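Asker: Let me begin by handing over the structure; questions about it come next.
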Amino acid sequence: MIAADKQELESRLKQATLQIREKEISVFTDNFAVLSTQSAFLTGLGFGGLTMVPTWDKDKRPQEAIFYTLVSISIGFNVLTLCISSWCMIFGPGLAIRGPDGSMDRAIRGMYGERKWALRFFWIGLFFIMLSGIALGWLKFHSKTATTMTTIFVTFIVIFFLYVKFITRPRFRFPKDANRKPSEFRVAGYNPETGDYARPGRPTPAGASRSPGGTSQLEDEEAYMRARQEIEWLQEQGILSAEEAEGKLAMIHARLAMANSGDTIPGAGSNRLQSLRHRVFGGTGTGRRDATSFAASSLAASGSSGGINGGEGPVGDAAAPATLSGVTATGANAPQQPPGASTAPSTQTSSTKAGLLSKDGKLARFTLANQVLSSVALDGSSKKEYVLAGQAVDCYQRGTASHPFRFVVAVGKQQVRVEANSEDEMQSWIAAIRSAVTLPQA
């Protein structure tokens, strides 16, 4: 019920956002309609000048060449303005209405940029039309009449320029601190068009100090709160015990104090520009980390029951296999079997992996086990399972400039867009999923 209400709220928010942004599309469409109408009129005026009967006066051949040159240039710029305006009026709203998620923002940005150039081309075409009028006066009339026409044209050109610059533009000019360019429509960091969530950046207030890592106190405190929430979630999932959670909280609290006091943070190394959460967890630049590796290191350090290092756990659990979130401990960290004990053959037939990834802009826990890929949001909602066995499965990278570590898992007709925290993590997941598909079923 809660998940359904959440989806309904997101749908309403998306619909309201699109209705607001539709007004921007309407404004730009009206602007292009005005430009296209005026450009069409000036284009017809220019072609009318081309069809004028020449004077056949050999003494005025230079004036004739100048006139036809100016008219041709004017026609070219006006036709260019007409084409840009028509193209944007046709395909801009079409992309906004019929395109995939995020197309509304893309269409608005494109129409805004094209409007700027269309206006410039329109003014240039209008300027050359007026110059061609001056040239026509010198071509058709005597010098006194041509001089009078030139004076009138130049006077009105100067008046037009000064009036627009000092009177018209200031009336409609945006404030200096306002952003004229259309930007993404976000509600508290949430983009209803794409479903992505990003905490809006906050500038460092005047007088706020910065930590040695290059982050402000506000950023460090926010990172501390995010790390604390992750530790609490790991404790709720049973990955961390109460004692381990308290130890981790005490450690990040001490590192926060050292970051604010200017002391060197142990283990920071050369990564001085990373966030506090990154320095605490040792993860990627986004501050998120695979829960498996984090919990494994925590359990190994504290020696909990069934820990990674078998010798560190209680005596009764020393011979128990050390597993965590589907990851089996092997190598030097695997528990030692008593002498003479038989080793049961492994029945694991598919690769196993678990970790925290971003799905639709939200952090979720992904688990790959027994040829089944499952995901669950951190709040326990949006549980999904994708059976890889017996279906056409593909996994490939689909990164962008803003999301370089995004990849797609195609299971049959379904496509799951997931974003990792780093290049290595992304390649690791892609390899694990492809390996799970090629393994035989259990």
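The backbone N, Cα and C atoms fix where each Cβ goes, and this holds for glycine too.
Feature annotation from TrEMBL assigns compositional bias 'Gly residues' to 304-314. The compositional bias 'Polar residues' annotation in TrEMBL covers 325-335. Summarising the annotation, TrEMBL assigns compositional bias 'Low complexity' to 339-354. Annotation source TrEMBL lists domain 'PH' at 405-438. Look at TrEMBL and you will find 190-222, 300-355 tagged as region 'Disordered'. Feature annotation from TrEMBL assigns transmembrane segment to 32-53, 65-96, 117-139, 145-164.
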Asker: For the transmembrane segment (117-139), which partner among 32-53, 65-96, 145-164 gives the most CB pairs under 8 Å?
Answerer: 65-96
Asker: Could you give me the DSSP helix, strand and coil counts for the domain 'PH' (405-438)?
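Answerer: Each residue of the domain 'PH' (405-438) counted once, the result is 16 helix, 12 strand, 6 coil.
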Asker: Restricting to the domain 'PH' (405-438), what is the model's mean pLDDT?
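Answerer: It averages 86.
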